[in-house]
Amino acid sequence: MSDSRPVTGSVTSQATLENVNPQRWRILSVLVVSLVVVILDNTVLNVALKTIQIDLGATQSQLIWAINSYTLVFAALLFTWGVLGDRFGRKRILIIGLTLFALASALSAFAANPTQLIIFRGLMGIGAASVLPVTLAIITVIFPPQERGKAIGAWAAAVGGAIALGPIVGGVLLENPSWFHWLTGNDWGSVFFINVPIIIVGIIGIVAIVPETKNEHYARLDPIGLLLSIIGLLAVVYGIQDAGWGRVSTYIWIGAGSLVIAGFLYFESRTKHPSLDLSLFRIRSFSVPLTGVSFAFAALQGSLLFLAFYYQLVRGWSPLQSGLLTLPFAVGQVLAAPRSAKMVQRFGARKVMSFGVSLASLAMLGIATLPADASIPYLIVIGFAFGFGLGNTIAPATTRMTLATPQARSGSGSAVQNTVRQVAAALGVAIISSIIAAVYSHNLAPTLAGTSLPPDLQARASDSIGETFGVAAGLTNSGQASAQAIASLEQAGIDSFMPALHIAGYIALGLLLVALVLFITLLPAKAEAVAWAGSHVAADDVEEPDAAHQVHVVAEVGDGLSHVEDAPLEFPSELPAARSDEQRDKAPGGV
């Protein structure tokens, strides 16, 4: 059993070579199990959308809310769960969060209508938000500096692998509905209920070997900031996703939400305990990679969504076949990410990240011009190139942001990274899905107007390609239309969807090109991390400290966390926050 006494104090003093947890690698494996299940759920739903839509009669908008209710709540609560873990014990909070996630997963598996599914998915997001900050904090505590980079690398690899493998796992489960149909009463509940036994195993492992850790100098909660961020984001996403681009209400919702978000940012800049540390954005080696990667995440999540519809509805492939077609993307990412550190050593972070996002852009161009009958080798090449490109973008960007974050604010830096990425993913899904829906309806509605299809079915079929095929299936089952008429309806849906997919692909391409421009024009070609007075920040972003204060210089950013040369350093338990420019100007020597 684990030692029940909480570990407190400084991170560095907690894990020296002389006093390390002998089970740290086993602990990491247990934490990774919990992490993979939670992250997997971000993408496992994509291959189940068609099945859920048919079974629950969900509209396109309701399906997107089932995705984004999880993502938005997940993003909003990352900081809050991190603070609760620091204050009450990370092990305890992790168990509570995972328990809530398991219960909400079970409820989602039994959802009787789209509204229930959206609510239960939101509850899943509440529990899931505990896992990222708490597991990363535990890893930081139990591993010595010499091993911390390797451990964080394994943690990050698990995140990337889970995102890519989600559709494959979902495909396997949907291909074998009998595994859980006897329990859930439907063919799609398995993608949620499978979480329950895995979480139970994970919790047993956590109870058995994970030590309790706390932070004596925990931050305070930020309930006002949390409330403002949720209200603002929900309003913006609702305006994008539900109101319709041709309505005035769309822009009212987006404008109102934007004003609330502006108020949130103003409040965060004034409060002593912000959930979003805006001061980090003054560090170029942090803000530029984060902004670029956020655009890439929006493109990634949006493209995974419309490709799922292409695979299953346009091509008629099964969920398993569709999931397997994401494997080249996963392979490309897994091959690129761990090798990107050596590439950065040789060519520099800016060149490697620019190469990565350029390759991803070329792959997205292939998607934007995708023919309806594209060959499987073509799809494999595009998927691999997309994954390999993003692997050479996200991994070095994450390393650079981590090293650019002052050590005293490493927790805030991690929270900001994860929050902004998740929000970008939600916005990417909302924007791209809403544009696909608008273009699809615009293309299909005139075609259906000249048919004998009843007006209510015309309106339903024009909502999305999933609804079109749902109407076709209903007509087939009822015998109300001939096989030729049904085939014509399905073909009209495909003909209307492909232009919408192409436009969505070009939008995703535009997001990637914005990231490329940011990396080329604003990211310093070479940066170093400098540590002094218990903090380290990017040298290209701050004034050079004098010799009396400079205690250590680490390797070029992007050399991988495992190569950071700060292992021998010991800092006091309470690390001072980085001083403002005004404070440094008043200090002797400008530091």
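Every residue gets a Cβ built from N, Cα and C, even glycine.
From a predicted model like this one, the values you see are computed outputs, not experimental measurements.
What TrEMBL lists as transmembrane segment is 27-49 (among others).
Here TrEMBL flags 27-527 as domain 'Major facilitator superfamily (MFS) profile'.
The transmembrane segment annotation in TrEMBL covers 118-143 (among others). Panel annotation: around the transmembrane segment (118-143), residues 7, 11, 14-15, 20-21, 24, 27-28, 31, 34-35, 38, 41, 62, 65-67, 69-82, 84-86, 90-91, 93-94, 96-105, 107-108, 111, 151-152, 155, 192, 210-211, 213, 215, 410-411, 414-415, 418 of the same chain, lying at least six beyond its termini, place a Cβ under 8 Å from a Cβ of the stretch.
Long-range contacts of the transmembrane segment (155-174) within the same chain, counting only residues at least 6 positions beyond its ends with a Cβ under 8 Å from a Cβ of the stretch, are 28, 31-32, 35-48, 51, 135-136, 139, 180, 187-188, 190-191, 194, 304, 308, 318-324, 326-327, 329-330, 333-334, 337-338, 387, 391, 394-395, 398. Taken from TrEMBL, the feature transmembrane segment covers 155-174 (among others).
Per TrEMBL, transmembrane segment is recorded for 189-209 (among others). Proximity of distant same-chain residues to the transmembrane segment (189-209), defined by a Cβ-Cβ separation under 8 Å and at least 6 residues beyond the stretch ends, is recorded for 1-2, 23, 26-27, 30-31, 33-34, 37, 41, 44-45, 48, 91, 94-95, 98-99, 101-102, 105-106, 108-110, 124, 169-170, 173-174, 176-177, 179-181, 183.
What TrEMBL records for 221-238 (among others) is transmembrane segment.
Residues or ranges marked as transmembrane segment in TrEMBL: 250-267 (among others).
As annotated by TrEMBL, transmembrane segment applies to 288-311 (among others). For the transmembrane segment (288-311), the residues of the chain that approach it from at least six positions outside its boundaries are 42-43, 46-47, 49-50, 64, 67, 167, 281, 317, 321-322, 325-326, 353, 357, 360, 364, 367, 370, 386, 390, 393-394, 397-398, 400-401, 416-417, 420-421, 423-429, 431-433, 436, 465-466, 497, 501, 504-505, 507-509, 511-512, 514-516, 518-519, 522-523, judged by C-beta separation under 8 angstroms.
Annotated transmembrane segment per TrEMBL: 323-340 (among others), in sequence order.
For 352-370 (among others), the entry in TrEMBL reads transmembrane segment.
Positions annotated as transmembrane segment by TrEMBL: 376-398 (among others). Sequence-distant neighbours of the transmembrane segment (376-398) (same chain, 6+ residues past either end, Cβ-Cβ under 8 Å): 156, 160, 164, 289-290, 292-293, 296, 300, 303, 325-338, 340-341, 343-344, 349, 352-353, 355-364, 366-367, 417, 515, 558.
According to TrEMBL, the feature transmembrane segment maps to 419-440 (among others). The list of residues near the transmembrane segment (419-440) in space but at least 6 beyond its ends in sequence, with Cβ under 8 angstroms from a Cβ of it, reads 42, 60-61, 64, 67-68, 71-72, 74-76, 78-79, 233, 236-237, 240-241, 244-246, 276, 290, 293-295, 297-303, 305-306, 462-465, 496-497, 499-501, 503-504, 507-508, 511.
Residues annotated as transmembrane segment in TrEMBL: 503-523 (among others). Away from its own ends, the transmembrane segment (503-523) comes close to residues 284-285, 288-289, 291-293, 295-296, 298-299, 302-303, 306, 349-350, 353-354, 357-358, 360-361, 364-365, 367-370, 393, 428, 431-432, 435-436, 439 of its chain (Cβ-Cβ under 8 Å, at least six residues beyond either end).
As annotated by TrEMBL, region 'Disordered' applies to 571-591.
Residues or ranges marked as compositional bias 'Basic and acidic residues' in TrEMBL: 579-591.
Model confidence over the domain 'Major facilitator superfamily (MFS) profile' (27-527) is summarised by a mean pLDDT of 88.
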